[in-house]
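According to TrEMBL, the protein carries these features:
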type: BINDING; residues: Arg97, Arg107, Arg135, Asp221; note: substrate binding site
type: BINDING; residues: Asp221, Asp245, Asp249; note: Mg(2+) binding site
type: DOMAIN; residues: 4-347; note: domain 'Isopropylmalate dehydrogenase-like'
type: SITE; residues: Tyr142; note: site 'Important for catalysis'
type: SITE; residues: Lys189; note: site 'Important for catalysis'
Amino acid sequence: MKFNIALLAGDGIGPEVIDQAVKVSDAVAEKFGHEITWKPALTGAAAIDAVGEPYPDETHDICVASDAVLFGAIGHPRFDNDPSAKVRPEQGLLKMRKKLGLFANVRPTFTFPSLLDKSPLKKERIEGTDLVFLRELTGGIYFGEKGRRDDRETAYDNCVYTREEVQRLAKKGFELAMTRSKKLCCVDKANVLETSRLWRETVQAMEKDYPEVEVSYEFVDAVAMRLVQWPNSYDVLITENLFGDILTDEASVISGSMGLMPSASLGSNIGLFEPIHGSYPQAAGKNIANPMATVLSAAMMFENFGLADEGKAIRDVVNKALNEGIVTEDLSDGGKAYGTNEVGDWLAKNI
Ligand code: IPM
Ligand code: MN
């Protein structure tokens, strides 16, 4: 098959980890007889510097004309400490999600047998963890009306959901649960929030269409707790935008490093694939960032094209590298640490 893939490296360690995913994807394409044409485009602080906008129209056009988007990271510290900045790199990501219709953010958390000791949680607590969050990505408090009252001393961010937004996300959750252990957890705060009550009511009404799926409803605070107590008791979790943002960062460390977990953002026919971690500016340009999350995001991209063997080839080679200690310094425990590039080269060679 032939693919055009938009390549949005972004900021910080983004370009370095993206390079490795490109190498590995090209190796997979060669092995399985595909042809990938990469279409680089600007985003984030890099795009603000170049054209004054974090998600320029030209970048959007390139994404729309592609079969998928592979994304690195965005964010720069000079914006984080300046609350008055009008143009921010993160706005690029939000605009892109909205304009590409990427309402479902798939964020898995799984463990690697060779890394169980690297987790901040006890081995017996995390063994067998294999869960997936479906985070709603284009609604809720992120996109509701926000602003200041006239006195400037009062600020607001509205959280708004429509039944249709909940339904389309929940549908993906039910469908995913059907392909896995048929357990679905709806995470909300229905004891306090009206939007959560709409979520719960909507999901409850959908249960009859999926009689085999066992649905539980849990409050977000309780889920935050159980995630570190018994992460392996969860399978598929669906939740709104902000809860999903927070819980998926919490869950991402279970595997041992934030640099390991991939994600997919789906909704229209163009999926976006990106590591869960951010731009990690302290490590930028040092060849120390862990490329595995981005490489595994490329695996999710192939799988989303329906190419399961290609995805598996990537997952297998990542496992092999971890088993053989081909790791960056976040996982080396003071032992031999490989550079970002060297890990990427090793993976591409061993595909
Ligand atoms: C994420 C990030 C983004 C979010 C930021 C960078 C806007 O934290 O993808 O989880 O909050 O969604
Ligand atoms: Mn986040």
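Cβ coordinates are placed from backbone N, Cα and C, and glycine is handled just like the others.
Features per TrEMBL, on structure.
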| residue | record | contacts (Cβ under 8 Å, 6+ apart) |
| --- | --- | --- |
| Arg97 | substrate binding site | Phe103, Leu137, Thr138, Ser265, Leu272 |
| Arg107 | substrate binding site | Val132, Phe133, Leu134, Arg135, Gly244, Thr248, Ala251, Ser252, Met261, Ser263, Ile276 |
| Tyr142 | site 'Important for catalysis' | Leu94, Asn241, Leu242 |
| Lys189 | site 'Important for catalysis' | Ser196, Phe219, Val220, Asp221, Phe243 |
| Asp245 | Mg(2+) binding site | Arg135 |
| Asp249 | Mg(2+) binding site | Met258, Ile276 |
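For ligand 1, the nearby recorded positions are Asp245; that is, of Arg135, Tyr142, Lys189, Asp221, Asp245, Asp249, these have a C-beta under 6 Å from one of its atoms. A count of other CB atoms within 10 A of each Cβ picks out Arg135 as the most crowded of the binding-site residues Arg135, Asp221.
Under DSSP, Lys189 (site 'Important for catalysis') is assigned to coil, being neither helix nor strand in the three-state scheme. Compute the center of the Cβ atoms of Asp221, Asp245, Asp249, which mark the site for Mg(2+); besides them, the chain residues with Cβ within 8 Å of that center are Val220, Ala224, Leu242, Phe243, Gly244, Ile246, Leu247, Thr248, Glu250. In the vicinity of ligand 2, defined as a Cβ distance under 6 Å, the following of the recorded positions Arg97, Arg135, Lys189, Asp245 are placed: Asp245.
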